[in-house]
Structure formats: C-alpha cells, structure tokens
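Undergrad: Attaching a single structure in structure tokens format; questions to follow.
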C-alpha cells in the first residue's frame, strides 16, 4: 500500500515537472545562459580578465582595478 502511494506521488510529481518545464518556451535552455555564452566565447569570461592591484597604474576607461577605484590613472 505504501509503495503504491509512493509510486502515485512520484508519477504526479514527474507529470507536474513536465508541465512546468513545458510552459516556458525555452524549457531548460536558459538555466545557465552566461556559462553557455562564456563557453562559446572564452574572451567574455570574467575569470580571464586581469586586474591591477592597489596603488598600481590603471585604465580609467575600463576600470581594471581589483578591489579599488581608478583615480587619475592609479588604483586607490
């Protein structure tokens, strides 16, 4: 009896899961959109970008300081 109830609950859960994922037009495609984009274009990954340490020379246009703000071409 308990096994039958567990099977019924599992079937209902899987059916509901199927309907919930079918409602969205993309299904499960958009779960990890950024990671997929970074796999196609490794240049876009934030892990590949280098940053300038504190009190180092920086580029104020790209703001490439690690944990500081670029002020007059120095990370402060």
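Heads up, the Cβ atoms here are built off N, Cα and C, so glycines get one too.
Not measured: the values here are computed from a predicted model.
Pasting the relevant annotations from Swiss-Prot:
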SIGNAL    1-22  signal peptide
DISULFID  51-66  disulfide bond
DISULFID  58-70  disulfide bond
DISULFID  65-75  disulfide bond
Undergrad: Mind telling me which of the disulfide-bonded residues 51, 58, 66, 70, 75 has the densest Cβ neighbourhood, counting other Cβ atoms within 10 Å?
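TA: When each Cβ's neighbours within 10 Å are tallied, 58 tops the list.
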Undergrad: Provide the number of Cβ atoms within 10 Å of the Cβ of residue 65 (disulfide bond), excluding the reference atom itself.
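TA: Total other Cβ atoms inside 10 Å, all chains included: 22.
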Undergrad: Considering Cα atoms only, can you say which of 58, 65, 70, 75 is the nearest neighbour of residue 51 (disulfide bond) among these disulfide-bonded residues?
TA: 65
